[in-house]
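Just below is one structure, and these are the notes that go with it.
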Amino acid sequence: MAAKEVKFSVDARDKMLRGVDILANAVKVTLGPKGRNVVLDKSFGAPRITKDGVTVAKEIELEDKFENMGAQMVREVASKSADAAGDGTTTATVLAQAIVREGAKSVAAGMNPMDLKRGIDLAVEAVVADLVKNSKKVTSNDEIAQVGTISANGDAEIGKFLADAMKKVGNEGVITVEEAKSLETELDVVEGMQFDRGYISPYFVTNADKMRVEMDDAYILINEKKLSSLNELLPLLEAVVQTGKPLVIVAEDVEGEALATLVVNRLRGGLKVAAVKAPGFGDRRKAMLQDIAILTGGQAISEDLGIKLENVTLNMLGRAKKVMIDKENTTIVNGAGKKADIEARVSQIKAQIEETTSDYDREKLQERLAKLAGGVAVIRVGGATEVEVKERKDRVDDAMHATRAAVEEGIVPGGGVALLRASEQLKGLRTKNDDQKTGVEIVRKALSAPARQIAINAGEDGSVIVGKILENKTYAYGFDSQTGEYVNLVTKGIIDPTKVVRTAIQNAASVAALLITTEAMVAELPKKGGAGPAMPPGGGMGGMDF
């Protein structure tokens, strides 16, 4: 085991704080409409330019092990926010830095770190309650477009595309973002069903560039059990070959001889075939296979129904205009199912949603509903160069997650103002002792950091702007750093999804509060880079002393 270095109290916290600052300072330049870009060096290909906080955070690795620990903890804040809400990563980083900074000062002054943490947790609860109370439901398409625009750094075109996509596939549909081959950004809406299972073997791939299977006008065999041998299937496979159409097999699993035979036939070109595992587990899998059957106008082959594989005929197979399968997902587009059957299935699922008491079941039922009733919208992001396309794609991704979050939990005023207003609610918060009170105060100060940073990035004086906003008691009153004016942010369309703001403060406080309770840090000692072992004596030709 390698030797370790241990640092304690002030030493440890100073090093950690330096790491936090390096990462947060690199990330926070991207905050707000006038935030700048960060260029990331790539070991291969062109450098990447981005304004996405989490992308910057993920690139940072520091040489000093102790500083790196601090940086990685804050990186965790950004990636957790990205996972939960898909946006708000920079805000979360700025908040975490502010809490750690203030907290470290208080610990250095001799306060109890555990009580500080309790105070911080109390404050965060109060802030979240205030955000939820003042959250406003998203009702119009315009509001969705505004959320998208703000999240895409003021790019109204992206906001409009997202609002259109949400309108076409509904709040329950699937939206994906791809890189376009042209200069223009375009929206493509595909009716279809997507589930999270990819191809069983990469040998089924038909489009090697995108590593995916693309099949047009395909037959779909929906089988509930495993396929290990193909003997029972041979009559059906021969019938499919006669039609010249491709076949997609959806089964619990395809293994051994069956998989080998399918792959060999696919490679020889005799049979256009691909196999995917059935989505879900247990009863849910049965229900999802039934959904696919109804959508494609086929029959789910199940022993419960007394149908055996050898008796399956072509008219029992589902049909779809297009099936796309990549490593992780399968999308079935334009299934041949009857509209009346699909509608009956949709209302059946809606009835189950009404009846269920389990949140988990409800969520899964809603997913199934989305797959049947919604569709798939693809936003293809264009640009002049690859670097520009990647940068725009980052922003579209952020905006897409933000619009989803807005529909889920509603909206609050943007520009860091919702957090500023929440900080006012902390003034009378009751705590058990003075150290907890200081913990609350730490959060209260930190809540002004995002608004301050947005102003600083716009070349304004952060403290003056924050003071001005707090003087006016109107909840939505704030500073539009794009135009440099004080306005009602909601009517101006400067809004943030409640979920994004909520996860930002929760994740920031969670990690930052733990950081300030750190008393010792352990890291491996850097290896000393000495020269290699010397040549053994007596090398060369024996007996010849020079």
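Using N, Cα and C of the backbone, Cβ positions are placed for all residues, glycine too.
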### Query
Which candidate from K51, K393, K432 does Swiss-Prot annotate alongside T30, L31, G32, P33, D87, G88, T89, T90, T91, G415, D496 at the ATP binding site?
K51
### Spatial neighbours, same chain, of G88 (ATP binding site) - Cβ under 8 Å, 6+ residues apart
S81, A402, D496, V500, V501, T503, A504
### Site diameter for ATP, Å, by largest Cα distance between T30, L31, G32, P33, K51, D87, G88, T89, T90, T91, G415, D496
17
### Query
Any idea which of the binding-site residues G32, T90 has the thinnest Cβ neighbourhood at 10 Å?
G32
### Task
For T30 (ATP binding site), write down the residues of its own chain that are at least 6 apart in sequence and whose Cβ falls under 8 Å from its Cβ; none is a fine answer.
R36, N37, V38, T50, K51, D52, G53, V56, T90
